[in-house]
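Enquirer: I am attaching a structure below and will ask some questions about it afterwards.
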Amino acid sequence: MTTILKGLPKGEKVGIAFSGGLDTSAALLWMKQKGARCFAYTANLGQPDESDYDEIPRKAMSFGAEKARLVDCRTQLVHEGIAAIQSGAFHISTGGATYFNTTPLGRAVTGTMLVAAMKEDGVNIWGDGSTYKGNDIERFYRYGLLTNPNLKIYKPWLDQQFIDELGGRAEMSAFLTANGFDYKMSAEKAYSTDSNLLGATHEAKDLENLNSGIRIVNPIMGVPFWREDCVVKPETVVVRFEEGQPVALNGQTFTDPVALFLEANAIGGRHGLGMCDQIENRIIEAKSRGIYEAPGMALLHIAYERLLTGIHNEDTIEQYRINGLRLGRLLYQGRWFDSQALMLRETAQRWVASAITGEVTLELRRGNDYSLLNTESPNLTYQPERLSMEKVEDAAFTPADRIGQLTMRNLDITDTRTKLKLYSETGLLTGSEGAQIFQLGHDKG
């Protein structure tokens, strides 16, 4: 069954994810004039650069929407963000700086909650502003059809008639002006920005060039810590978790997770914490580049992983990291609610996050520069007396115990020595000149 419509379905209800910007404003008016019954849906994701959400539905009505709804997605977004922290669902990193998958998390929430709202209104055709080269077109496609199996997709930016008539920002602005709307294009930035309560993404235009870096970005969730005139003072922060849930910051307990995240963003943002520059593979395997902000996610992630390493054993931590890499990629691909992702999430939340209770004290400085000052938890398995260099009573083990443990190592040491001898005899390994160390041999071909 065809789910993607190449032309505008005239006379039918069409839902559009409406941001109030130039693109969706022009698209809504154009679809209305061409005969579609337009329904506008706006997701309140707590975007830090959006000042008046209530104005957006009113604007949609003025452009010809039969109905316009504002859907509050903030609580669900924070819920998914915390789940990502609990399961370590982050697969993109460079030099220790992590991208916290904030855009994929936002798409998972938007794609399900807006389509659910459309379904309530009997709207089974959905349009949004994603382009065919990006990740979002596939993410929204998957989440939309998961939520409404009868959904059909109409995207103005895949409709050749729309492209021919309104193919650029100048054409769209002129179209709105010609129809009596005093729409002035905002000044062109050197890059594009997309944001939600969890984080911000800066990409495209000048940022497609790798010789343009973070210094051309004007942060919307933090401070430009790289500038000499940007004053950033060290700050001590205490983060508390209970059974994997962040519950308190600097002694203030939060019952509303959205309020907690807003405060975490404010704290981390004062230092530029969580900003990073990444080259990544899009879903279609072509590489793209983005500069990201996520001050609250970064703060909570640091504290969570500090408790994690003090509470769980090595094998559990290793499995958490392996599963997190896989889960992060599934999230990025728009598969956050697929069964394989739910399995990995539930495993981490049940067996890892449930034990994460305690407080972490940090000193934040500039950017991602911080120090861990204290870690407290009733569940810590870190017990310094076990390995103390001082003489202790009731030692966990004795010199004789260690002799026995080392003697058992002779079994695998003997096996390894035998293998190295075999590799040397076949020429795979050669002894390095002047040293008793093995090196890989050259191809004998």
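From the backbone N, Cα and C atoms, a Cβ is placed for every residue, glycine too.
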Enquirer: Pick from Ala43, Ala116, Ala178: which one does Swiss-Prot list with Ala17, Phe18, Ser19, Gly20, Gly21, Leu22, Asp23, Thr24, Ser25, Gly129, Thr131, Asp136, Asp194 for the same ATP site?
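Expert: Of the residues offered, the record points to Ala43.
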Enquirer: Given Swiss-Prot annotates Tyr99, Asn135, Arg139, Thr201, Glu203, Glu280 as L-citrulline-binding, which of Ser192, Ser212 belongs to that site as well?
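Expert: It is Ser192, as the record lists it for that site.
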Enquirer: Under a three-state reduction of DSSP output, how is Asp23 (ATP binding site) classified: helix, strand, or coil?
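Expert: Looking at the DSSP assignment, Asp23 (ATP binding site) belongs to a helix.
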Enquirer: When you measure from the Cβ of Arg139 (L-citrulline binding site), which residues in the chain that are at least 6 apart have a Cβ under 8 Å away?
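Expert: Expected: Pro104, Arg107, Ala108, Gly111, Gln333, Gly334.
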Enquirer: Cα-Cα separation of Thr201 (L-citrulline binding site) and Thr131 (L-aspartate binding site), in Å?
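Expert: Just about 16 Å between their Cα atoms.
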Enquirer: Roughly how many Å separate the Cα of Glu203 (L-citrulline binding site) from that of Asp136 (ATP binding site), to the nearest whole number?
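Expert: Given the Cα positions, Glu203 (L-citrulline binding site) is 14 Å from Asp136 (ATP binding site).
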Enquirer: Rounded to the nearest angstrom, how far is the Cα of Tyr99 (L-citrulline binding site) from the Cα of Asp136 (ATP binding site)?
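Expert: For Asp136 (ATP binding site) versus Tyr99 (L-citrulline binding site), the Cα atoms are 17 Å apart.
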Enquirer: State the Cα to Cα distance, in Å, between Gly129 (ATP binding site) and Asn135 (L-citrulline binding site), rounded to an integer.
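Expert: Distance (Cα to Cα, whole Å): 12 Å.
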Enquirer: Quick check on the binding-site residues: of Gly21, Gly129, whose CB has the lowest count of neighbouring CB atoms inside 10 Å?
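Expert: Candidates: the binding-site residues Gly21, Gly129. Fewest Cβ atoms within 10 Å: Gly21.
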